[in-house]
Ligand SMILES: Nc1ccccc1C(=O)C[C@H](N)C(=O)O
Ligand SMILES: [Zn+2]
Ligand SMILES: [Zn+2]
């Protein structure tokens, strides 16, 4: 039986969110008891909370919304690369020594230890040139354990714009601490949120049969 890695953040009270964005809430609507046969609750969250997939509409006015993206991008062979040594930004020079000639999906680990308990503004970003390199090698998806490809305080969104130019998909907020670098099957389709600029995903990696 192939090992499954759950590379998703738990959606929970106090999950750190982007500064100024909607705090996560999960509250009871009905409570199971003598008067009520069920527990039912409600969720309030940003589309970019936790482990999620960006839609092109998040960064491009004409971009597809998350319910209209090509789901095939989010399911299939991928490679996990250790970029914990990259510092503030992953540059092509960090990728070239470890990147194959042909890749379909690339997940980049940048945190030595994922910051579950606090918001960290100093997350590692991805250089626009690195997106171009991944696209040249055939990548149709980039995934990161950071909350964004671009810096927290940034309006240029250069990495997102290159992703849009190449028609790639994006996963953000992955948790890769327990995953050895290597090749896996990625399973991470986004929720079908009509008109969404992003949506939560339950992201998994399955070890490949030897
Ligand atoms: N919540 C936000 C509010 C305002 C600006 C950005 C965000 C983000 O979460 C960044 C996003 N995950 C991104 O795709 O880069
Ligand atoms: Zn996002
Ligand atoms: Zn993004």
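Positions of Cβ are set from backbone N, Cα and C atoms, glycine also.
Annotation source TrEMBL lists active site, proton donor/acceptor at 58. Positions annotated as substrate binding site by TrEMBL: 18. Positions annotated as Zn(2+) 1 binding site by TrEMBL: 48, 52, 54, 172. As annotated by TrEMBL, Zn(2+) 2 binding site applies to 54, 160, 172.
By the criterion of other Cβ atoms within 10 Å of the residue's own Cβ, the least surrounded of the binding-site residues 54, 172 is 172.
Note: the Zn(2+) 1 site is recorded as 48, 52, 54, 172; in the same chain, 47, 53, 58, 147, 148, 170, 171, 173, 198 also have Cβ atoms within 8 Å of that site's Cβ centroid. A straight line from the CA of residue 18 (substrate binding site) to the CA of residue 48 (Zn(2+) 1 binding site) spans 8 Å.
Candidate binding-site residues: 48, 52, 54, 172. Those with a Cβ under 6 Å from ligand 3, in sequence order, are 54, 172.
Under the DSSP three-state reduction, residue 58 (active site, proton donor/acceptor) is assigned to helix. With a cut-off of under 6 Å between the Cβ and any atom of ligand 2, the binding-site residues 48, 54, 160, 172 reduce to 48, 54, 172. Shown in sequence order, 17, 18, 21, 54, 58, 147, 172, 173, 198 are the residues of the chain, 6+ apart in sequence, with a C-beta less than 8 angstroms from the C-beta of residue 48 (Zn(2+) 1 binding site).
In this structure, residue 52 (Zn(2+) 1 binding site) is part of a beta strand by DSSP. Residue 52 (Zn(2+) 1 binding site) counts 30 other C-beta atoms within 10 Å of its own C-beta, drawing on all protein chains shown. For the pair formed by residue 160 (Zn(2+) 2 binding site) and residue 52 (Zn(2+) 1 binding site), distance between Cα atoms is given as 15 Å, rounded to the nearest Å. Those same-chain residues not listed among 54, 160, 172 yet with C-beta within 8 angstroms of the centroid of the Zn(2+) 2 site C-beta atoms are 48, 58, 59, 148, 149, 163, 170, 198. Taking each of the recorded positions 58, 160 in turn and counting other Cβ atoms within 10 Å of its Cβ gives the largest count for 160.
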